Amino acid sequence: MRPGTGAERGGLMVSEMESHPPSQGPGDGERRLSGSSLCSGSWVSADGFLRRRPSMGHPGMHYAPMGMHPMGQRANMPPVPHGMMPQMMPPMGGPPMGQMPGMMSSVMPGMMMSHMSQASMQPALPPGVNSMDVAAGTASGAKSMWTEHKSPDGRTYYYNTETKQSTWEKPDDLKTPAEQLLSKCPWKEYKSDSGKPYYYNSQTKESRWAKPKELEDLEGYQNTIVAGSLITKSNLHAMIKAEESSKQEECTTTSTAPVPTTEIPTTMSTMAAAEAAAAVVAAAAAAAAAAAAANANASTSASNTVSGTVPVVPEPEVTSIVATVVDNENTVTISTEEQAQLTSTPAIQDQSVEVSSNTGEETSKQETVADFTPKKEEEESQPAKKTYTWNTKEEAKQAFKELLKEKRVPSNASWEQAMKMIINDPRYSALAKLSEKKQAFNAYKVQTEKEEKEEARSKYKEAKESFQRFLENHEKMTSTTRYKKAEQMFGEMEVWNAISERDRLEIYEDVLFFLSKKEKEQAKQLRKRNWEALKNILDNMANVTYSTTWSEAQQYLMDNPTFAEDEELQNMDKEDALICFEEHIRALEKEEEEEKQKSLLRERRRQRKNRESFQIFLDELHEHGQLHSMSSWMELYPTISSDIRFTNMLGQPGSTALDLFKFYVEDLKARYHDEKKIIKDILKDKGFVVEVNTTFEDFVAIISSTKRSTTLDAGNIKLAFNSLLEKAEAREREREKEEARKMKRKESAFKSMLKQAAPPIELDAVWEDIRERFVKEPAFEDITLESERKRIFKDFMHVLEHECQHHHSKNKKHSKKSKKHHRKRSRSRSGSDSDDDDSHSKKKRQRSESRSASEHSSSAESERSYKKSKKHKKKSKKRRHKSDSPESDAEREKDKKEKDRESEKDRTRQRSESKHKSPKKKTGKDSGNWDTSGSELSEGELEKRRRTLLEQLDDDQ
């Protein structure tokens, strides 16, 4: 190849892009060169190099894009972005990531497809220097997915036809090379609320009012790039000729593995920038020489090509304004599988790499380098190979993330920008698929952005804390200092300007609140100190007592030297001093009251001790048997009164000696039931039973024979004996009663035997005559004594004789009484019919099987009225017997009226009840005789009952 091939290639791409705009077909990353000067199989790829399609047909033949779908029609008006970035704050993230087409293997053998847009991989370049990548990105044949639009208010926004998203920021695909250089600068320009521009560094999170030098230099480079021309037409023809001369060697090449080459940056010069162009040409010659040396090394190391490892020399990266640094210290280990992919789809890197195994091509490249031979050539030794192994995909992903972290890839970097920083590292190939790399890169960006935000937040928080501490600790700051005054004092300080106005106001208010609280706390401490000092002075003054007044205390304080020397104490609030004195006096009063209480407690304790001593004295009397539950005060008074403990009890309030004695005896009596159980247990164990004839001495001897009797009270033992003796007597009486009942039952059985004798016993019978008839009867055998049998027989005969006499007399009495009652009934009945009619009506009622409900009610009412009239008669008779005075006549008259009223009420009640109870009224004789028949029926029933009662009385007699 001839010198200037790289420049010619770049010029070919740019000029062809200008003369032939990209078609509306699918953007496959490559563009066919349509010109008479181009050879028939030539092809310009997205990386800016002239390539040949293998197995290329006739130049006029066009191949349809493989595996690509046509782009859909774009909407007329895409949506406007939802919001705007705040002017005071820099953008939180980087520009939108450029869309990178996926890596596709070509369908036709040998067809080469570009992996991604070259426009998104622009390196940072010095002023006046442009690379093949910049030119290739500008001349990309693929149609951009971003379109430019205007919002209703005239602002420009950009719409992505593929993702359907819109943004205010210009995407990388639409940026010029100069704009891309500016976008990579960490310094961005923003405007404050007042419209004043300021500059913010997205990496260091620093903001300043003055324009940074880096940004000024890049803006100067942009003006130079716009003014210069990219390449001339002669360079384009030279590159085409170089491609034609190497066409034969490329067609015969079977290996498509890339050989390390160096992309030669070209200079864009204007008529005013001739010196800059000369410098760029010299730099291009040096880079070409380095590429030739690398090609020579690659041709001699055939074993590397066979084993699948090819050393790659990266493109020089510009890191300063005046020089470029070539980083060729890293090697990339490529597997055999990746080599196979590279044959069909070459990987797009920040440096354009091309490998040729043809010896002739190497010779032509060496000749090209010979034309640009520098003054001094240095032999670079082959870099040491370093291989990495990853057992799992997680380890590979982690290694890829560590690579990003090690290279310090910022969170707002795009994928193209990140590739420039990491592609030369062997760990870049840890993940085989591009999607996996992008996924890991996105995860790294999210994590890094989170860490950067957290770091920025912590720094800002630290700045706020420093500002707050500064205000809180400054001696000129008080709770009454105004913000404007503080701004005049501290406005020029860095700590004042480190935070925003809004946060500064909030912190200032918090500081004022803190200072106010602090001042109050100090005043409180001073008040507490004065309080304690005054309290100590009052405590040490012996002449101040609980009865001292405030005026007296003030005079004492003025005479006190400690109070006179303390100025703060003299400036103490008078109200606080008075309150302190009042509390001191209350404390003295409390001490005086406590002393009185203590003396009272001592006196009460002495009285309690006297009572306890007397209680012990009573215990001693009980142990000696002199005091028990049946003791009395009068019996023991001579013994008790002679003891000193009784004398100490005299005259003291509370319980007296007599009260304690009674309580003691009551306690002994309360123990009776428990001790009685113990006594019963002792008797049960001994098998002793208290009988009627048991003496107390025998009982005591049995009880005292066991150890359990030592705690028993003598009085309770006596009471228990009396109780057991009473129970014994009760048992004896019950036994006698039971024997009497048994004897009575036997007598009854014997009498029953005599009464049921067949034939019956005559009244003149003798016991000896009839005895043999009952000898074998059980009732006869139950009574063992013959005298008892004779006695029972005599009693039986006497009863039999009495019953016989009573039976004869009863018949006579019955006839007389019946006549008497018959006469009385005929006289007392008024307004009724004759006795024959009465008996006839009674027989009629008796024969009737059913009576109506009205007849029952009328008979019941008539019976009730009869009883009332009889009752009134008895009352009137009593009154008549009690008194015969004129007052008795008046009472009789009253009774008569009351009787008439009651009889009238009874009649009306009977009529109303008969009306309500009878379902139908009867006509004729029945309805007229209703009440009369009812009254007659009731009188007949009453007479019948009277007769029955009289007969029962006669039978009883």
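Quick reminder: no glycine exception, Cβ is built from N, Cα and C everywhere.
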By the record in Swiss-Prot, which of S885, S918 is the one labelled phosphoserine?
S885
For the candidates S144, S547, S787, I need the one that Swiss-Prot annotates as phosphoserine.
S787
K196 (N6-acetyllysine), number of other Cβ atoms within 10 Å:
9
Return the average pLDDT for the domain 'FF 2' (460-514) as a whole number.
91
What is the number of residues in the domain 'FF 5' (672-727) that are helix, strand and coil, as DSSP sees it?
42 helix, 0 strand, 14 coil
